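Per TrEMBL, the feature domain 'FAD-binding PCMH-type' maps to A:177-359. Annotation comment: TrEMBL describes A:209-215, A:291-294, A:343-349 as FAD binding site. The annotation site 'Important for enzyme activity' is assigned in TrEMBL to A:ARG394. Look at TrEMBL and you will find A:ARG490 tagged as substrate binding site. Annotation source TrEMBL lists active site, proton donor/acceptor at A:TYR553.
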Amino acid sequence: MASNSSGGSSDRQRIAQQRLRIIAGHLQRPVDGDSAILAAECKAQGSKPDTSREEKTVPRRRQEIMKWNGWGYSDSRFLFNKKGQAEFTGKRYRLSGMIIPGLKDWFECTFGASLQHKTPATPLLNSSAVQPPTLNEAFVEELKSTGIPFSQDAEDRVFRAHGHCLHEIFALREGKFGRVPDMVVWPNCHNDVVKIVELASKHNVCLIPYGGGTSVSSALECPPEETRSIVSLDTSQMNRILWVDEKNLTAHVEAGIVGQDLERLLNESGYCTGHEPDSMEFSSLGGWVATRASGMKKNIYGNIEDLVVHIKMVTPQGVIEKSCQGPRMSTGPDIHHFIMGSEGTLGVVTEVTMKIRPMPEYQKYGSVVFPNFEQGVACLREVARQRCAPASIRLMDNEQFKFGHALKPQVSSIFTSFLDGLKKFYITKFKGFDPNRLCVATLLFEGDREKVLQHEKQVYDIAAKFGGLAAGEDNGQRGYMLTFVIAYLRDLGMDYYVIGESFETSVPWDRVLDICRNVKARIVRECKERGVQFPPLSTCRVTQTYDAGACVYFYFAFNYRGLSDPVHVYEQVEHAAREEILANGGSLSHHHGVGKLRKEWMRETVSNVGMGMLKSVKDYVDPNNIFGNRNLL
Amino acid sequence: MSDRAEYRDSGRAGLVDERQFVDILEERRHSSDLGHALRTFNPHPYQGAAPCSAAELNKAVLEAQYLRYVTKEIAMETGSSVEEVRKEACGILEEMSQNLQLGFIRLMGYTLTKVFKRLFTSIFVNMEGLNMLQQAIQETPVILMPNHRSYVDFLIISYILFTYDIPVPVIAAGIPLAGMKMVGEILRRSGAFFIRRAIGSDKLYWAVLSEYVKAIVRKGYAPMEFYVEGLRSRTLKSLTPKLGMMHMVLEPYFKGEVFDITLVPISISYDRVLEESLLAHELLGVPKPKESTMGLLKASKVLQEDYGTMHVNFGRPLSVRQLCHGKINRCQYNLIPRSKSSLQICTDLWLAHLMVRIQEEGSLISPWSLMACLLLQAPITVLTEEGLLWQQLTEKTLWLRKLALDYGARLNWSAPDSDVMSSAVALHCSIVHRKAGRVYLVQEEELARKRPISLEEGVTRTAAAVLMLASYRNQLLHVFVRPALLATAIHITKSTQRNELFTFFCFLQDLFSYEFIFIPDKLSQDFEEACLLLKKCGAVHISQQEVTLSDMGLEALSFLQALLQPFIDSYQVMFRYLSEEGVNVFTEKQFLPAVRNLATKLILSGELHTYEALSSDTQKNVLSALRRLEAVTKLRASEQNEYKVNKAAVRRTGDILCKF
């Protein structure tokens, strides 16, 4: 294999072939619509139905299929067409190719935005605006001799210089680049990583591991004060399932694999991990481990810390791993917990053994409408108390319910629209729900058919006690779809002066309502005080239930017309919102991680001694700060 | 200048613009009282909070997790059953709870219109404040915090809010009011809830009360009104705020149960206070009549007199969130379950003081207060025998008027100067009378007629009049107290060194911390303010290190110093008693008459020139101050509030006051 992606004719040929295949893939929508798993329809299908080694979703040159200055696939985006109707392009998603009639009104009313006022992004990545790489020649020379592919191409480097925080994307859209990695390496396996880390240590080069690039904590940002050469270590080519152990129900997987590939490949042999974070199309196994990720269906399968059995990580001090795969050990503090959440500050996760489960026989969506958010939360609390939460249960507040409603695609038959009307009439007129207060919980049940139906009944019975009315599978499914397209929607907003983001926390049950109310109110107040001309969208949902609390997600967006520095205003408001979260007993993060964005609160979060503990681990494992992304501490 | 400046109503100090104030009696005098009482009442409550009946509220309180938890705990501690404790809690709640009903608000409205029209020429209310309040009430739970100078103002806020279509408040009241026949129940139905005095360590009572208060704040269906000073001020001077209620009210915010709470300080000022003579006698040791309906009816003779105008000034609504920003870490509550927390955050101390200071600054100074101030500075024989030249008094009053305006006082002075002063004296004919170009102190005549009075009785008689005068002076003390402390410091220390003056200034603040309201931890700001104000009237030059006297401002300086002299003299008398004459251990009951005797003796012998030493308020304040300075300690084991005095320490404190 060529040592440099920009050189070598075989490489170029390969890329050309891949491009052709991708284009073919876009033209031909794979025909697996009858799949038993409905959930798969929510997210994009892999770019190709074929799943042989080279056919993985993420190529080395991500720019071939993904946007350089926005979320997701290049072919999929929202736009307002000539008639002013919103549509979603591409073929990957359920919503692809559809008209969404309600979106324009919702968009204009909610934000005071107008289709007349556009803020288009810089269309092309201008490589000459990227600062030239600072190279460590000795390191480059030795790396070449290992045969591990690398690149100093500006596009490659820019792609790995950011996650998806608002300020990061905003800057890209304006064609602005800060400090970017000086080169990118693509190890192919664990041993490649060992070699790279050794070389980096030897030549004092800064390494920043890169998995799926979906970070929302500024974790991928290159520290501006870093003077050494920065090498982005892209794990995307380490994406094989090395073995599946059907006896123990585990799979040993390279850490660079992205969620959708992992699930699809396991599904082929009748298994799944069940780990489905909202970013699973693009986020990687190694990234999940490094940030303590959480999946939508954690109620059945658990969060990442429940799923991993064994982790292999390469650090400047060598490789760390456990000697066996016992399901639980009493051997001092669990070293996995030094690794999980280390956010790339200690080393690179290369291989992970994960629990797998047989694929569920049956899946069913559902939804419940509650007269108000308080009742909804009370119901979720009761469900958690009885420990009968379905695979997923999420409660959206009224604003988000309306948002979801605005995303309803054009209905094809008069009958469905008639039914919708009838449903609305029943809920608001007959049952007396206030359309400006009602909220909806979306549900996903999984398991064998009989049990699912039984479980469903149990949950609906509880819901009924809190005034909840079953509102159909369709509403439920659309709720989950929103998860996958919301990041695309942000790009649409940014075309029209609207910026926004989501952030999350976890909080004890007795504070859920207070935190939701106070944080939303704080956002509104802060926007007003900072001169935002239009009331912001400030909404939340409860996305996970636990025995002792819940995970709450906030969405916040506003129209920035008339503001000279909208990103700064945005950051101030988000900062205030986080302070409000902490003051209301919420955690610094449930699963997004700390990165550099939330570092300032770490000390008060884990105490001085806690900080000292973490620091001493870092000092031992990486005394020369080779993994110098400066996250967390 | 000081932090407080930001909370001040900007640019409104000075002569009060009457246009901002509307006389609410004006309309009542021209239209039907009944029509007013029966007006459509349709206020906008807090964000559509559902109306909550008294029964619903009580039920929510009894079922609150916190109360259940405390109930269980008490049952465990006392060995009684949970059910018994619960019954007890029910009883407490029944005694306490309000039962606000619109019908009774209307009845109250009708009655008060009648009463007010008879008592007052006008009741002025600032419309701007009322508009801001109306807005605030829709956004957050609102706490109305008026000062309390007269029984008359107990329902005035409800009356005004009813008139202007704003939700009427529930009001924290002292339990004695509940005991009045009929009236207690009427008050209850007008929104009053009743709190026992001296709750002490009654855990269950505290729990019920705090849950009740917090439930009202959380539900926000009606504003809550309470007197942060805790009591009606007998001296018309602001009282050191009580913190218990303040804390209960604020806790829902600290715990995140509401997004914000709005505090609305309200300053009620009177030209003349109904209870003036009653209060003076109470201060001289004549017990206050027990609150009773009969008493109220008997008091109806006071209804025959004229009490001038009353001003109700609604202050700018203050967001607790903003006030506490950066000062209180709400995370303190994170590790305690909601249902159990009763964590005390002591930082609300300054908040309560701040509210009292804002009340002070919002209050209107009447011309009579200025005159009272000056009358008190005249030798007593001039007032009782020779009479003070009217000419002299008016000239001096006009001088003081200017000084007060310079110092940012809000002055109620809306007619030609001579008219204003003449009518002030006429209104206060119970205290002074003007005859042949001179002003004399009025002494109670009825007593005199019956039999010749003893010397001691003569002192008491004069004292009653002087204390009445003093109470009107007290209404404006807050304007002058800071520069007066500095003037005193300069006078006593004879120093020009800033740091020495500051040290003495701090000592005086400490000593008089029960006498005047100072916001804790704002010492240096207060000192700066004092310096600036003295400079403003030309009394001093200020440099980095020095504060030097200027010839220009001697008049102001001696006025300010004379303003505090009665306090200093009174304190010295008590220090003298404690360090020389008294015993080592005493009770308050013994202390008060003993000091009064000593002071009377000293007045008669001409050694003491102020009658204010006779006031039980001053006497109690001295005791509190000495306890604070640890020169007097309360004996823990004692049943009867016994105090132990450290004579040497008291003497030292006294020496500091007259050293140099």
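Here the Cβ of each residue, glycine as well, is placed from N, Cα and C on the backbone.
Here the features listed in TrEMBL are placed on the structure.
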| residue | record | Cβ neighbours (10 Å) |
| --- | --- | --- |
| A:PRO209 | FAD binding site | 29 |
| A:GLY212 | FAD binding site | 27 |
| A:SER215 | FAD binding site | 29 |
| A:ALA293 | FAD binding site | 27 |
| A:GLY344 | FAD binding site | 28 |
| A:GLY347 | FAD binding site | 26 |
| A:ARG394 | site 'Important for enzyme activity' | 25 |
| A:ARG490 | substrate binding site | 22 |
| A:TYR553 | active site, proton donor/acceptor | 21 |
Q. Can you tell which of the binding-site residues A:PRO209, A:SER215, A:ALA293, A:ARG490 lies nearest to A:ARG394 (site 'Important for enzyme activity') in space, using Cα positions?
A. A:ALA293
Q) Rounded to the nearest angstrom, how far is the Cα of A:ARG490 (substrate binding site) from the Cα of A:GLY347 (FAD binding site)? A) 32
Q. Taking just the CA atoms, what is the gap between A:GLY344 (FAD binding site) and the residue listed as 'active site, proton donor/acceptor' in Å?
A. 25
Q) In which DSSP state, out of helix, strand and coil, do we find A:PRO209 (FAD binding site)? A) strand
Q. Do you know the mean pLDDT across the domain 'FAD-binding PCMH-type' (A:177-359)?
A. 96
Q | Cα separation, A:TYR553 (active site, proton donor/acceptor) to A:SER215 (FAD binding site) (Å, whole number) | A | 16
(Q) Nearest of the recorded positions to the residue listed as 'substrate binding site' by CA-CA distance, picking from A:PRO209, A:GLY212, A:ALA293, A:TYR553? (A) A:TYR553
Q: Could you measure between A:ALA293 (FAD binding site) and A:TYR553 (active site, proton donor/acceptor) for me? Cα positions, answer in whole angstrom.
A: 14
Q.
On the three-state reduction of DSSP, what should I expect for A:ARG490 (substrate binding site)?
A. helix
Q: In whole Å, note down how far the CA of the residue listed as 'active site, proton donor/acceptor' lies from the CA of A:PRO209 (FAD binding site).
A: 27
Q. Could you give the Cα-Cα distance between A:GLY212 (FAD binding site) and A:TYR553 (active site, proton donor/acceptor), in whole Å?
A. 22
